[in-house]
Amino acid sequence: MEKQELTILFNKYTQGNCAPEEIITILHHFNLHENKEQFKQLILEELEKTSAPSTDENSPHALRAFAQTDKALLELFGRKEEVKRPSSAFHWISIAAILLTVLTIGYVFRSQFYAKDQPSLSTLAFKDIAPGSNHAVLKIAGSHEIIQLSHNKEGVQIKNGEIFYKDNTRLTDPILKNKEPEQSDNTSYTIETPRGGQYKILLSDGTEVRLNAASSLTYPGIFQGNTREVSVTGEVFFQVARNKEKPFIVKVGAIKNTVTGTSFNISAYPDEQGVKTTLVTGGLHVSGYGNEVTLRPGQQASVAEKKIAVNAVDTDEYTAWLNNEFSFENKNIEAIMKNISRWYDVDVYYQGNRYDNRKFGGTYTRTKGLSALLKHLESLSGIHFIVEGRRIKVLI
């Protein structure tokens, strides 16, 4: 068990907030020979801080502790035989007995002490993790090369089959340099953002597209034929250039989103339930699996299990990322951590019930380091976090 994890579990234990399985985890951890001295020192320090009576194993206080906690230990481990008082000083059961008694009679710190004087877990020493930024790669159909797009540029745009950064600097990668404009017209491109990345693109028809973290857009150099068709994964926002004669179609697997000129957000992450299309302005048709619906501004189509449901939503919640914000409304910790994982490029693990029923809401900036956000979540939820490199352990 890591030191930080042990610290937070011990603090929860002294506050009486440990779940039964967490208590067993602590006791079993200190049942290991190499950990007994650590537990002994930890308890002695806490008892000294609280001016508890002597913890010598032969003191009257310790003897009373054994008697008062035999029953608790029996219930904890479900043993039928009587628990024998240990003969060796500070054997793990006797130490646990003393600690349990201290908890019962109130010698340990109260929760307000921890709130005022103890650092929250997210502020314990670790190198803060920076938020995401402009990062993306460009892939060209028929080529195995991957072009790293500049993180110093705001985005890319297509002009006459050529690719430029938004400041009109031509993307001079050798693969593109050897292509004639007419060849590029028929070429399919894919722009991908990693976790911790985002990017903008202006398509050849003037449509503006923004990709959130861990997302992709596949599109042609020039839209030919009677439609403008692209495909996406992850989360992408479209501001579609109006052209009634040439509908704009966004494909997400078997789902088609068809518009002529409108703005909308699509969320289609593989670790989320279904595909959500949120209409901000204009009109939009969603079709798939033999179903079709028409959305009005402020509505969202959710496609899951081959069914399409339409609901009224607050579009600001689903487009907040465009303004570098997280916006959550009635979300559990798992839903929130998925967003954090993608934007800060971290892996998330859980100790406890990841499907905890507590719901949270609020708007938070995406431009600050990770520690500030975790600290804020801790203050609201009572949930704690351990950060180790790019791993976050959520203690629920």
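The backbone N, Cα and C atoms fix where each Cβ goes, and this holds for glycine too.
According to TrEMBL, the feature domain 'FecR protein' maps to 190-282.
Summarised by DSSP class, the composition of the domain 'Protein FecR C-terminal' (325-394) is 24 helix, 27 strand, 19 coil. As annotated by TrEMBL, domain 'Protein FecR C-terminal' applies to 325-394.
Here TrEMBL flags 89-109 as transmembrane segment.
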DSSP-derived helix, strand and coil totals, residue by residue, for the domain 'FecR protein' (190-282): 0 helix, 55 strand, 38 coil
